[in-house]
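**Student:** One structure follows; several queries about it will come next.
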Amino acid sequence: MATTTTTTTARFSDSYEFSNTSGNSFFAAESSLDYPTEFLTPPEVSALKLLSNCLESVFDSPETFYSDAKLVLAGGREVSFHRCILSARIPVFKSALATVKEQKSSTTVKLQLKEIARDYEVGFDSVVAVLAYVYSGRVRSPPKGASACVDDDCCHVACRSKVDFMVEVLYLSFVFQIQELVTLYERQFLEIVDKVVVEDILVIFKLDTLCGTTYKKLLDRCIEIIVKSDIELVSLEKSLPQHIFKQIIDIREALCLEPPKLERHVKNIYKALDSDDVELVKMLLLEGHTNLDEAYALHFAIAHCAVKTAYDLLELELADVNLRNPRGYTVLHVAAMRKEPKLIISLLMKGANILDTTLDGRTALVIVKRLTKADDYKTSTEDGTPSLKGGLCIEVLEHEQKLEYLSPIEASLSLPVTPEELRMRLLYYENRVALARLLFPVETETVQGIAKLEETCEFTASSLEPDHHIGEKRTSLDLNMAPFQIHEKHLSRLRALCKTVELGKRYFKRCSLDHFMDTEDLNHLASVEEDTPEKRLQKKQRYMELQETLMKTFSEDKEECGKSSTPKPTSAVRSNRKLSHRRLKVDKRDFLKRPYGNGD
């Protein structure tokens with residue numbers, strides 16, 4: 001006679017779910033039947049809680065409890081786990097671990113998450129949340145910074161950080177085939193989805209592509225919200241899977257909620273922008289059928305086109321940067337939603353009003369803050385590593401909001417009087433921008449793009465050699481050219497360099513290089529709050545080592561220049577033996593291992 005295995009599940013609350021299985025492991029992956037908790041006696045409930053707590057402590061302290069494998073996430077971060085537990089709980093892990101070959105018996109097994117979850121990159125906190133449930137059968141609250149945005153006035157119930165976190169855990173629950181977690185998280189998401197900003201609703205539709213119809217209830221509710229919203233058709237078409245876009249159009253038609261259709265001339269402008277053809281846009285405007293404001297072309301370019309295309313369209317200065325689209329968004333609001341610092345700075349320089357609010361009272365700064373995860377914003381990056389764009393946008397907008405008067409960038413540039421002064425200033429600014437590019441790559445790329453530095457010719461130390469590139473195509477400026485031509489080309493380079501430096505000083509004050517380039521007294525560089533005399537001395541010594549490295553490089557290049565038939569006098573070194581004003585090759589490691597911070 002066959003033996004029937006009975007499975008019971010006790011749910012104590014929305015955050016607890018335990019399986020009490022007769023004849024199977026507690027962590028059996030099979031689905032279970034639901035029974036009221038009163039079927040379990042108090043001692044049984046206490047025993048299950050104790051077991052859950054013990055297993056959760058095993059996960060939270062993996063090294064203490066002899067974990068034997070690591071899950072490697074994108075970026076190299078690792079989560080320790082126990083193969084026996086995950087193999088029993090998640091069939092996908094059992095299959096993946098079976099294919100892993102250990103090189104040595106003592107070597108910890110490492111499993112790449114991308115080999116299991118191939119279609120979407122998930123964060124550390126999402127992985128920990130799902131694996132904690134696998135161990136304990138209990139849904140734990142995520143760390144505050146993992147599902148909270150930067151805005152202190154936000155309740156963090158339905159902001160973008162919360163949406164991103166929920167999408168990630170829903171995806172992992174689907175990939176790991178944990179049906180009970182799929183149900184729990186979908187139910188939680190349905191409780192908050194009505195509070196989500198309509199632009200963030202579009203993010204949820206990723207689940208359709210990733211998980212098919214697994215989250216049909218959630219996706220159907222999102223479709224209902226989008227149908228009744230005023231979001232533009234062009235945004236829907238570019239953001240949604242084609243079948244969902246068509247479904248929304250059909251429902252709107254049935255409910256007589258169709259928005260006005262775009263005119264043919266506006267569509268042509270959008271097509272030209274999609275093709276990154278700003279020249280074609282100019283030709284279409286000459287026909288006189290419409291203009292950039294009537295077509296909301298700048299809004300479209302900022303939202304959907306390449307950064308260069310949007311920047312080139314803005315540089316035409318044919319559109320009102322403070323114009324609101326039918327949904328009440330200015331161009332700056334749209335740039336904030338995109339979290340692109342170059343576009344935000346460009347708009348501010350063109351006169352965009354940072355204090356303009358959306359119809360629901362959000363400024364551009366609030367928009368960016370609610371799109372940026374708190375953990376990402378609070379995590380400081382080391383010099384030389386890329387900064388996150390969300391944090392840069394917040395930095396720019398916060399600084400700009402404090403300014404009472406925005407002086408023109410060009411006002412700080414006084415033209416050099418003599419060729420020697422021009423050469424000295426070029427060498428100084430080339431040095432400064434090169435160092436900034438080394439230490440703050442994203443910030444420098446942002447401001448030098450606005451200053452159009454790449455459109456000018458770099459001035460290098462080799463340009464000082466009289467016989468440089470004789471008989472070859474010139475790739476940098478040559479001082480043997482006619483004086484007027486030299487002066488004009490160098491002035492263009494100097495203007496771009498100065499504008500790059502001034503933009504960096506204005507919008508990224510923490511990236512100041514004054515303590516490298518212009519310090520007359522090293523004592524003030526070493527004087528930092530909470531420093532000890534020993535630390536100040538160490539900093540001062542390290543600074544002197546850097547100067548010696550740079551001076552040694554200069555001396556070697558000077559000897560090479562001296563071998564030429566017509567040596568030229570040089571003033572590349574200040575009389576006080578400060579940093580040499582020339583374009584130098586510097587080792588990134590020399591700066592990354594210095595003991596002091598960025599400072600102003």
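Here the Cβ of each residue, glycine as well, is placed from N, Cα and C on the backbone.
Sharing the record's features from Swiss-Prot:
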type	residues	note
DOMAIN	67-143	domain 'BTB'
ZN_FING	146-160	zinc finger
BINDING	Cys149, Cys154, His156, Cys159	Zn(2+) binding site
REPEAT	264-294	repeat 'ANK 1'
BINDING	Arg432	salicylate binding site
REGION	554-600	region 'Disordered'
COMPBIAS	563-574	compositional bias 'Polar residues'
COMPBIAS	575-586	compositional bias 'Basic residues'
**Student:** May I ask for the residues of the chain that lie six or more residues beyond the zinc finger (146-160) and have a Cβ under 8 Å from a Cβ within it?
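**Tutor:** Cβ under 8 Å, 6 or more out: 123, 125-126, 166, 192-193, 195-197, 200, 203, 366, 369-375, 377, 390, 394.
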**Student:** Note the mean pLDDT of the zinc finger (146-160), expressed as a whole number.
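**Tutor:** The predicted confidence over the zinc finger (146-160), as a mean pLDDT, is 88.
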**Student:** Mind checking which of Cys149, Cys154, Cys159 has the fewest other CB atoms within 10 A of its CB? They're the binding-site residues.
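**Tutor:** Result for the binding-site residues Cys149, Cys154, Cys159: minimum number of other Cβ atoms within 10 Å at Cys154.
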**Student:** Write out the long-range same-chain contacts of His156 (Zn(2+) binding site), meaning residues 6 or more apart in sequence whose Cβ is under 8 Å from its Cβ.
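**Tutor:** In sequence order, Lys144, Ser147, Ala148, Cys149, Lys162 meet the Cβ cut-off.
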**Student:** Take the mean position of the Cβ atoms of Cys149, Cys154, His156, Cys159, the recorded Zn(2+) site. Which other residues of that chain put their Cβ within 8 Å of it?
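**Tutor:** So the additional residues around the site are Ala148, Val150, Asp151, Cys155, Val157, Ala158, Arg160, Ser161, Lys162, Arg370.
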**Student:** Helix, strand, coil residue numbers for the repeat 'ANK 1' (264-294) per DSSP?
**Tutor:** 20 helix, 0 strand, 11 coil
**Student:** Looking only at the zinc finger (146-160), how are its residues distributed among DSSP helix, strand and coil?
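**Tutor:** Breakdown, helix to coil: 2 helix, 1 strand, 12 coil.
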**Student:** Give me the CA-CA distance between Arg432 (salicylate binding site) and Cys154 (Zn(2+) binding site), in Å, as a whole number.
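**Tutor:** Between the alpha carbons of Arg432 (salicylate binding site) and Cys154 (Zn(2+) binding site) there are 40 Å.
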**Student:** So for the residue listed as 'salicylate binding site', how many other CB atoms are inside 10 Å of its CB?
**Tutor:** 22
**Student:** For the domain 'BTB' (67-143), jot down how many residues DSSP puts in helix, in strand and in coil.
**Tutor:** 31 helix, 13 strand, 33 coil
